[in-house]
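Lifted from TrEMBL, the feature list:
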type     : residues : note
TRANSMEM : 7-36     : transmembrane segment
TRANSMEM : 42-61    : transmembrane segment
TRANSMEM : 73-89    : transmembrane segment
TRANSMEM : 95-114   : transmembrane segment
TRANSMEM : 134-163  : transmembrane segment
TRANSMEM : 169-191  : transmembrane segment
TRANSMEM : 212-229  : transmembrane segment
TRANSMEM : 241-259  : transmembrane segment
TRANSMEM : 271-291  : transmembrane segment
Amino acid sequence: MIVLAGFFAVIIGVLVSLLGGGGSILTTPLMIYVLGFDPKQAIAASLLVVTFTSAFGLIFYARARRVNWRTGWIFGGASMVGAFIGGQIGSRLPAVVLLTAFSVMMAVTAVAMVRGRRQMTAHAHQGLPIIRILLDGLIVGLVTGLVGAGGGFLVVPALVLLGGLEMQMAVGTALLVVTMKSIAGFLGYLLHFGGESFISINKDIIGDWRPTVVITVCAVIGALIGSRISGRVHPEHLRKAFGWFVLVMAIYILVQQVGSQIWGFAGESPLHLVEVGIGVVLIAAILVMALRWRGGDAATDQSSTVSRRD
């Protein structure tokens with residue numbers, strides 16, 4: 001199975017390189033359904049894989065001077081705080097709630113990929129809207145830490161609309177942000193506060209990390225391959241086809257998890273009902289953030305059209 005998982009990891013790396021994100025959303029299902037990882041172990045491992053894959057891609061953008069380090073550090077710093085908190089929350093939520101939230105995140109990502117990237121125009125700012133950048137970074141980081149996905153499709157529009165960055169600069173800067181918040185989310189799952197000692201390692205997350213190393217190496221190799229064939233592939237056609245596949249996977253996971261398991265779990269005790277309620281609120285936050293950015297794109301498109309008419 002490790003050979004099959006490695007093959008899929010190469011494909012994920014190729015997709016990340018060709019599409020600028022999105023492919024990493026399949027890392028967690030790969031860990032669960034192919035390698036048999038526990039959901040929480042899979043999310044933590046996925047965050048680690050995304051960290052190294054994004055850092056590898058960041059090197060190429062940095063060499064091309066397509067990274068705005070100041071904006072990236074500000075957005076990424078806030079995202080790290082949110083991701084660590086998300087990891088702490090995720091490590092305490094039941095697996096069924098996490099997988100339900102993850103399937104919703106997959107569906108949102110799939111819809112964004114199928115619809116394609118709308119043309120966004122960077123607007124010059126007198127100064128960075130620090131408060132909004134910090135708040136949005138915190139929320140996006142929270143989502144990443146909770147479900148173990150890089151969330152690049154949320155970061156790029158934020159950097160364009162709030163940071164005033166051109167698209168290529170925003171993509172490179174997003175890799176910095178994704179790297180920072182993914183490692184913070186991983187630490188949120190790994191570290192446990194309380195108990196006999198103030199801080200300890202969460203033993204439920206620790207497992208056989210050799211498959212994670214293999215997946216990481218294969219994903220990086222895939223990213224290398226993708227960078228070499230990027231000029232021969234039409235990214236929009238690939239993005240839409242992959243988006244439909246991710247949507248089917250999301251529906252499968254959602255149907256599997258939202259059955260009798262989640263309702264049976266919620267009915268066991270008031271505490272379980274509260275935990276499920278927290279999960280529902282976090283899922284709603286994911287949807288609100290996604291719809292917000294899509295609405296922001298539409299508003300930008302409309303303003304661009306008006307300016308062209310003028």
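Each Cβ is built from the backbone N, Cα and C atoms, and glycine gets one as well.
Given the structure is predicted, the values throughout are model-derived calculations rather than measurements.
When each of 42-61, 73-89, 95-114, 169-191 is checked for Cβ pairs under 8 Å to the transmembrane segment (134-163), 73-89 comes out on top.
Within its own chain, the transmembrane segment (73-89) has Cβ neighbours under 8 Å at 44, 47, 128, 130, 133-147, 155, 158-159, 163, 173, 176-177, 179-191, 193, 278, 282, counting only residues six or more beyond its boundaries. Most Cβ pairs under 8 A with the transmembrane segment (95-114) among the ranges 42-61, 169-191, 241-259 are made by 241-259. Long-range Cβ contacts of the transmembrane segment (169-191) within its own chain (Cβ-Cβ under 8 Å, at least 6 residues beyond either end) map to 20-21, 40, 43-44, 47-48, 50-51, 54-55, 57-58, 61-62, 64, 66-69, 71-73, 75-77, 79-88, 90-91, 122, 137, 140-141, 144-146, 148, 150-152, 155-156, 159-160, 163, 199-202, 205.
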